[in-house]
Structures are given as C-alpha cells and as structure tokens.
Amino acid sequence: MGKWRYGVILDAGSSGTRVHIYRWLNNSKARQGGTPQELKSLPKIGTKEDWTKKIHPGISTFADTPERVGPDHLDELLQHALDIVPEAAVKDTPVFLLATAGMRLLSDVQRGQILNHVCSFFRENSDFLLPECDVHVQVIPGETEGLYGWIAANYLLGSFDSPEEHAHGKDHHTYGFLDMGGASAQIAFVPNATEAEKHANDLKLLRLRNVDGSSQDYQLFVTSWLEFGVREARRRYVEALQESVSLDKATEIPDPCLPDGLRTAMDGQPLTDDAPAAPYLIGTGRFDECVRQTFPLLAKDAPCADEPCLLNGVHVPAIDFDVNHFIGISEYWHTTHEIFEMGYKDKAYDFNTYQHRVDAFCSQEWAAIEQGLTEERWGSKVDREKAYQVCFKASWLINVLHGGIGIPRVGIEDTPSSSHNGTKEIIEHGKAQGYVHPFQAVNKIDSTEVSWTLGKVILYAASQVPTIEEDALPVGFGSNEPGIPKDFQYPSVELVPGPGPSVEESDSWHDALFGGESPRRIPGVLLFVFIIVIVLFFLCGRSRRLRIYHKLQTFFKRGGPRSRRKFVGSKIPFIGRNTPAYERVLEDGGPEFELSGADTDSEDEAQNVTTPTGYSPPHSKRHSLKGSGTALGSQAPGLKFELGNISSTSIGLGIAPSSNALDRQGLVIRTESREHLVPTATTGGRSRTVSPTRSYRKSPLLQPEQDAIDFTDNDLSSLSNFPFFPRLRTLLIARNRVNHIQPTLATSIPNLETLVLTANNMAELADLDPLQNFARLTHVVLMENPVTRKENYRYWVIWRNPHIRFLDYQKVKDVERAKATELFGTFEEPSELASKIMGAKSRTFDVPSTGAAAPGRGAGDRAIRVKLTDKERKRVEKMIREAKSLQEIARLEKELNEGRIPAGALEGLDDEDEDRMEM
C-alpha cells in the first residue's frame, strides 16, 4: 500500500450525479511525521477542483430502464475516477454511491432495481473496493445526509481540531449546518447543554477517531424535511395557485414570484408570444406578495406531537442563537450569491441588505432582465432559467430561514434603522472571530467545496485509524446510547485495524532504516539483516536446517561431515541430530517407481522379490512441474511403498519417514500433485539411482500428522478423494482450477476449520453446498471465483453454512444471517428462490473414494488391511516376479500405496487358485 489512501464518493442527487475523489495519508505516514497538534486531529483530507465531475440527469430517471444506468450514466464518472486514482491504489480505494432525495421518491422496487444494477456495474467494470453492496450503494436518509454535511462543515472550519479557537460560549465550539437541494432540506446542530439534556433521546451519537487513535464524541440533532427543497416547494406552490382560481374560467393565473410580463407554462417553461396554451402563469413582479404566498408552504400550523416544532410539525430542540451559528450550503449559497452578490463588495448575508437587492431585481420587467442577461450584468453563469426562478427561490429561502428556523433578521431585528447595512458590520466582526453571526451561506472554505460527501469520507478515513485500546468503541453514528447502539452505522464493512501499529507501517521501518542520516545507520541495517536471517533459519525446520548445513559444508570444503559434526554438532544439538531430512522430488517423463525389500528368510529371496526380470530403474530429474487432476485423487506413479506394512491411513503422497520424522507439532506440507517427499541419504535408505537389487532398510509410511496442506498454484480441478485425515485443520488451494467439491469430502477431513479457494472456477451457488457438511468449518475464502459475482452470493453461503464465522476475510454479522433467512427461509422449508438455486449446479461428476477410510468405515469393494498375511505376501512376491511390463508393476505399486491388496492376492483364494498361480 502506497503513501496515499483514496476514496470515491458518488452523490446521486435529484438533478444529477456528481463524483468526488478524496485522498489522505496512510495512518503510518501521518503518525510518523505529524506534530502533536496533527496527531490529535482527524485525518487530513485533500481533493482538487478537477477531481469532481457532474453529469445530468439524476439516476432516478432510470426507474423504467434500470439496466441502462451503468453504461448510459455512470460509465463516464467511473472512467473519470479511474483516471484520477493511481492504478496501484485502485484495489484499496472504496467506492460509494449514495443517493439522496430524488431516489427517495421512487418505490421500493424501483430503488432496489437501480441500486442492484449500479453495484453490478461497479464490480464488473472496475476493481474498486466494494465489499458489501447494501453499505456502499444505497439511498441514504435525509438525516444521514445532514449529519455528513455537519461533519464536513465543522471539519473545514477547524472546530474539531481546534475547539479553543471556536469557543462560542457555554462550552460550545461547533457550528450548525443547513442544506437545501431540489427535493429536501436538512438541519444539523449541537444544542446547548440545557436542551441536550432535555432532548437526549432525540440526539444522534457521532464518534470519530484522531490520527493517534484517540476518539471524539458528539451528540447532535439532525432532521430532514422531504418536499421542502426548492423544486418540490415550487411544485406545491403552483398547485396552490391552481386551487385558488377557477380553471374553467381563468386562462391566465397571476404569479407574483415571476418577473413582471413573463409568461410560463404550469411546469415553469417560458412561453413565446404566439398563442400560449391555457392555462398559463403570468408574472406580476411583486416580491412582497410572493413572500406572503409562500409562507403557508412551511406548514407551521401542522400538529406538533412533541414540542417544540419548526416546519411541518417536525420536532426540533430549541435553538440558542447565542451559541448556534449556522452554515448554509447548496441553494442557500446559490440563491444568495449567484445574482445578488455580483457587482457588490459585500459577500456576507444579512436580511435587510438581501431583501432590498431581491426586491429591486424581481420588480423589474422581464424585458429589462433579458437585456441585463445579454450584457452579462450578473455574470456569464447566470442564464434565463436562473433569472426567472431566483425570485421564488429567494422568497422560499427567506421564509425557511426566518419564518421557519427562526434565524434573526440581521439588519432589522438587531439594528435601530432599517436602512442600516448589517453586512459590513458582519464582515468586520467575522474577520476577527470567524463565522460567529447566526447564518452564513458558503460554497467553499479554504478553497474546498463544502459537500456532505466530504463528511462521508472523513468518517471512513477515521474508521481506518487503529485504536489505542483493545476495548475502544468503533467509529460511526447511531442513537444516543452508551456503548454501541443497536442501530449503529459503520462507515464500511471492512475490517478495522486493531490496537497497535497499523499494517501499513511496513513502510515506516523501511524509512527508518534507509532514510536516516545517522552514522550508525549502516551497522544498524547489517545487524537487522543478521537478526532476520537467524530468525528465518530457526523457522525453516530441522530438515531444512540440516540441508543448509550440509550445503555450506560442501561449499567451503572444510573437511568431511564426521569431523565437522564434532565441532558444530556438539555445540548446536539440532544440527547434530541424525534426523531424516525430506526434500521435494518432481517426476519427469514416464512413470518411475521403486519397490523396497519384503520380509523374507534370506537375502537371496529378497533379491528375487525386488528385482523384476530385465528391469533397470530409470533415473529421476529435478525440475519445476505443476500438478493436475484432483487434490488427492489418483496418485502419480513413482511413489514408494512397503510390502511388509501397508498403511491404510497414508495420505497418498508417497511420504515415507523414519520413526522420528514427526517429533514436532504443526507440520505444514507444501506439495504439488506430481511431487513427493523422500528421505535423503542420511536416513540410511537407498538412493533412487541405485540398482533395486541392493538390500533396502524398511521404514514405515508417514502418518497424516499435518495440521495444514498447501496446494496453491497447482492445476487441480476437483477437491475430492482424500484419505481419512482427522488432524487436518487448514487447506489452502488458491489459484487452481477447482470447479467441484466432493459431497462426501467431510467424512475424510471432518475437522477442517479453514478453507481457502481463492481464484478457482467455482461457478454456481449450489456447487458450494458440500461445505455445509463440515461441522467445524469457520473460515472460508472464495474470492475471485465466478460464483462470487452471483446475486445474493454472500447471503447464500451464510445461509447454507451457519457455522461459518468469517467469509472472504469479513466477519459474518447477525444482520447478514437474518437477511439470509429472510431470503431463503429455513432448511426444512426453503423459499422459492432457495429451491431455484439448489437446482442450478455445474455439470461435474463425483470421483469415487478409493483411498483409505476412517476406522470402522468401508472404503471400497476390496479388502483393506494394515499388514499382509504370509500367504498374501508370497502371492504378491510371485506377482512381482512374474510381472510382464512396467505398467503391471506400476499398477501393483499404486494399489499397495493406496492400502489395497492387489487382485489375486486375497487370502480367500482356494488351493486350486493358488496352485494355478504357481504353475
């Protein structure tokens, strides 16, 4: 992971979708170079102006064609994000699409279809981090949008990191937040101490985390008013005008909120001078009447179930404007500044100055306004649509601010004369103390746009900071309750770093070693490397340590092993032990094999047994060869076996240690399908290149004592045909071609706890059903399999395997189990969807089990024993002597390796059959 972390947030609003890209330092980097003040601050988020891109219209317009929302709408924004985020950082960069008011107006079915197509499009067309669709692609409530905006505003103003510089009195240092879009409006603020105690149950708990791991907690009030955005308010206003006149008689409806002489259709589109369609609106340019007629839209007289209330009967704690100073964005900024700021030096808002400017503009005739637009009197960004809409927007904003929320009318209520210009006083006061007036509309603070998307990425970045203490509470928000409330919302479903250094701090030690200027740096580096070598040497195992010792001994040629052992072996016990060493042997070319000596009464007889007529053993070559086939199916030829002691519990890999080969715990076998492990010459056994006529000292086969087996980077296509392996706990089969799991596999490895099947070919959800038979299986990884792209994949695996606790490195949550049950029902009564999935399996076949079975279990139609009887041994020896080809010898070797008695050697043969064999 590099120096920077990135985040991609898509704001899917009612009028369009805008992508925002942010970045911040890795926590290890931030801690390494941060000052004490910076360490006690939230992560520093950065962005650039060209990192933001907006397109029209909103995604809610794809309600009838949800499958087109990706290619026709989001593709341009996704490509923009991929152009900004470095390719190496894409996989670690989370992507969020959070929809607001426009999507809230759709039905549940329409919303669900659009969001599902959005998530599928992101996953299929990018590698951005998207672990859970329901969290990263969703419609957020208005309260959540307001909370994110409150975080963004206070972060940019510095009230989080420097509270002493923003003290408003009464132990209060944060700012209130107001947002108004096309469909809804939000308010968020921290009440004073009295109101906070009185309305504690109405507040939200917000928890953030500083760079050093310490926490910041806030209790704030957030609410939202749907249909109180400017577009929805205009719609309700026009409906009220229509109800006030008789449409049967009137074709012309006066509208005081339109410039004088402007005619528009009922939907707001201007009409030409040609015969307008009736009825239509005609502007009268009376702004004072416009303010009066829009006031009832606040619904101040609506029933209030919980006093006090502001708009539409919605409860809001009393606002103390002595300490609650509000920042307004979106329409609050555009309506107060796009037209009425141009040509004026005063940038701040006060009611008296603003109302005079609006009244002067809106009382003009439409022809004069059009002339001003041609001359760009209000700037090049103001067009005809903005010009005729601004009068209604201004009246609505004034009513919401002063008639609804109760913002003091600066310039009238606080000044002795209505002609007083409060703007200048505000600006002078603000220069010394910042945003301390009751309301201020802003667009950017310190060159950064104030957007609720910034609040979302701040919350996410804070959640990725490692905690200081083991029991530290997580980052997020929910009900105002101690601990973690039931409705607590996490920024993402990613695993949050635990206490201690971050996993990213691998870069820090590198900088400390190689980036310093200390004269002791080089010796320190050498000492560090020496320590690492010693640690690796001790971790590599006894057998490998012994091989390393012998290789060094041969390289330096300082005497034979016997003389060196007296010096080194007496000092270091693990080097001097006569422990058999095992190495990889990869088979090349045709089948190779070696038969060890059988128990006989004479050496001559042993030679007769082990030496087929006219046979000389081939020599093996070492090379890197990948395996293929099933995980532990038909074994590759060339595996050693012992006639005198055929074990039914052999793992089928041709492992033949001496008695002390497994005197340590937790041995992990890293193997491939066509490789096996053999004792080196130090065990006293015979070399594979030596004639088989020489005597051979027997050694029992390796028992299945491994805790884990790693088949990574092979060519396996089926997970099947394991022998009985009760000790196996971990199975790693990443980057193979596995597309099938044997249904009875759990009977062979009943204690499996961890299964990694990353980057295989599992295609259907039903193909994963054999996993439910593993009662102890708790950790499963199926990433980069085609099945993970199936709809409801995660819920299906959780439902079919209730014992799984971690899936794809993500902890299984209770809410996911509940959702899975809701989708698929119960095992006894599965839902229609579950039954459909169960019937869709890949076309594969089950490999019959030919390996050894568990004690007390049948393993096939041939007898399986640990040792041969005397008669059976003689028959096997005779079959070997009379073998006519290498293929026949290979067949006998394979059957003995698998713990099966070859056909024709069973003890149940009668005397005639035996005499017939001797003829």
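Counting begins at 1 with the first residue displayed.
Glycine residues also receive a Cβ, built from the backbone N, Cα and C atoms like all the rest.
The following features are taken from TrEMBL:
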- Glu145: active site, proton acceptor (ACT_SITE)
- Gly182, Ala183, Ser184, Ala185, Gln186: ATP binding site (BINDING)
- 590-631: region 'Disordered' (REGION)
- 680-699: region 'Disordered' (REGION)
- 900-919: region 'Disordered' (REGION)
- 908-919: compositional bias 'Acidic residues' (COMPBIAS)
Of all the binding-site residues given, namely Gly182, Ala183, Ser184, Ala185, Gln186, which is spatially nearest to the residue listed as 'active site, proton acceptor' at the Cα level?
Gln186
Go through Ser184, Gln186, the listed binding-site residues, and name the one with the sparsest Cβ surroundings, counting other Cβ atoms within 10 Å.
Ser184
For Ala185 (ATP binding site): intrachain residues, at least 6 apart, with Cβ closer than 8 Å:
Leu178, Asp179, Ser224, Trp225, Phe228, Gly229, Val400
Counting across all protein chains shown, how many other Cβ atoms sit within 10 Å of the Cβ of the residue listed as 'active site, proton acceptor'?
27
Determine which residues of the same chain, besides Gly182, Ala183, Ser184, Ala185, Gln186, have their CB within 8 A of the center of the CB atoms at the recorded ATP site, and list them by sequence.
Ser14, Thr100, Ala101, Gly142, Asp179, Met180, Gly181, Ser224, Trp225, Leu226, Glu227, Phe228, Gly229, Glu232
By the DSSP assignment reduced to helix, strand and coil, which category contains Gly182 (ATP binding site)?
coil
Tell me, how many other CB atoms lie within 10 A of the CB of Ala183 (ATP binding site), whichever protein chain they belong to?
27
Across all the protein chains here, work out how many other Cβ atoms are within 10 Å of the Cβ of Gly182 (ATP binding site).
20
